[in-house]
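Visitor: Pasting a structure here, questions to come.
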Amino acid sequence: MAERPEDLNLPNAVITRIIKEALPDGVNISKEARSAISRAASVFVLYATSCANNFAMKGKRKTLNASDVLSAMEEMEFQRFITPLKEALEAYRRDEKGKKEASEQKKKDKDKKDSEEQDKSREVEEEDEERLDEDDQNEEEEIDN
């Protein structure tokens with residue numbers, strides 16, 4: 001847990017970036033206003049987390065999940081955010097699935113390449129052994145002659 005109230009604040013760089021993205025070009029914001037928005041965002045996150053935790057506790061779980069957060073939004077009367085949040089969640093899940101599939105494909109490709117290299121290495125070793133055997137036979141034939 002946080003030892004001081006300031007520890008609960010969101011990073012200023014993140015808040016500043018979000019504010020700049022939300023405002024039209026050329027609009028500035030005072031340090032005091034940025035600080036107020038930062039505190040408000042921190043309070044919102046804490047409140048949403050507390051509400052979501054209540055849903056997790058009702059489900060006898062210690063881990064918050066997406067449905068807990070969505071239920072908390074509804075309980076907090078932020079229904080208008082539920083649809084965009086669901087869309088963002090689906091996009092996130094698609095991205096993660098794509099990353100996982102890409103990672104698995106990369107691993108398969110690497111395994112296939114490694115296997116091909118091992119096969120090639122075995123072929124070279126077998127060819128070397130055949131040459132050595134031929135050389136041995138030739139030496140034996142020369143000795144016999």
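Cβ atoms here come from the backbone N, Cα and C positions, even for glycine.
For reference, Swiss-Prot lists these features for the protein:
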COILED    85-144  coiled coil
COMPBIAS  92-123  compositional bias 'Basic and acidic residues'
MOD_RES   Ala2  N-acetylalanine
MOD_RES   Thr83  phosphothreonine
MOD_RES   Ser121  phosphoserine
REGION    92-145  region 'Disordered'
Visitor: Let me know how many other Cβ atoms fall within 10 Å of the Cβ of Thr83 (phosphothreonine).
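Guide: I count 9 other Cβ atoms within 10 Å of it.
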Visitor: Distance check, please: Cα of Ser121 (phosphoserine) against Cα of Thr83 (phosphothreonine), rounded to an integer number of angstrom.
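Guide: Here the two Cα atoms lie 56 Å apart.
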Visitor: Could you put numbers on the helix, strand and coil content of the region 'Disordered' (92-145), residue by residue per DSSP?
Guide: 53 helix, 0 strand, 1 coil
Visitor: Mean pLDDT for the coiled coil (85-144), as a whole number?
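Guide: Across the residues of the coiled coil (85-144) the model's pLDDT averages 81 on the 0 to 100 scale.
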